């Protein structure tokens, strides 16, 4: 964007030629120079009271945060800053928690206006914040630039990381409406200090700065950007200082596990594609599975059984319940009680003794006492020993747990370090329904990654009447990618709606 030329943007030098003179030092809001206002903000923050004075507003619901409008007083500086930021190299950032574009750290950038902004943030504004919070803030600040475009999102999190004390965002967005998405959503918390509901949404606006204290309850998100032609540009980061005292991490109760149901192979003959009941084919599946620890079995159910369940999921009055909390997951699920008979019967199939044995034949895992053992190489023997060591702490009877889930726009799961289930060896099963027309760029796929890494080990995409089997160890984590706004395009092209379904089962040796 070309900035407007002002009268004082040029100066004449001795040669008679004109030389560009760019504004390099921004003037920040006069509100930060008023000691009376500063003291009032300090008292209101301490007492958690609302304060509104001129261009500054402090609100303590659901947690204390402050908005300063017209943060930079010289418009010419802002326009040149915007141009410099848009000229940076941006990197695509995408994992379980977010999808957006981010610049490198701005601490060492030499561009005049980026350096000028950095100077006032690191010096004058930092000192003002130190006085308001009565805490010493370090002179070096984390700061980068982010671009959010169509379907970009940053899901619910609290920003807590050792040393982070105050988070800030300076918005450089052109006219923006709440219908464009990209709002900064603030969450209330429940009795366990877990995020509960969005109680306030702040629409980004040009030259507005927002800051809040990083705390165990500072849960927030950047809502998905819904505009196809606007860019949500911002400069954000953290001031560092002595962290607030952390609350004990809330550990969710473990999901109940059950032994298999006493059902014989007649159930398999009724439901499953005959090819998967052929012993020779099962051996072929096992050989492939043991090479890669994963396999996709297409057309798994008999066609008539699949269609019965598929139609029942789409048309029946199943009571879908939203499952959270949003810093861990957001999707709908249904309890087995009250399901249509054919759907309940499918659940029973996946929980049956006969199915446990079938899985043993597919994978070579000991999920049934009749499962055949075979010779393993040294590496497999080491894995077996590690599994046995883990299993000594648990009942020896193979167990499973299952869910019936519905996925639509806005749904996801996140990786979190309090998930005890992810720290065990297990076999994951996903059986999909209602995926006709589903595309990879809608999200909703399941990603497996190694602990501490971002690179995907495996992606499982929704595909109707397909069973995905994935064996994971204690260092393998999984998440379901956020289902984005593109999925709603199916509403125009498919009468079936914009959701798909899966049975998600986990089996333990």
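Using N, Cα and C of the backbone, Cβ positions are placed for all residues, glycine too.
Unlike curated records, TrEMBL annotations are generated automatically.
For the ranges 348-372, 373-397, 398-422, the feature annotated in TrEMBL as region 'Disordered' maps to 373-397. Of all ranges given (1-29, 30-58), TrEMBL attaches the label region 'Disordered' to 1-29. Secondary structure counts, DSSP: the domain 'Fe2OG dioxygenase' (139-241) has 3 helix, 55 strand, 45 coil.
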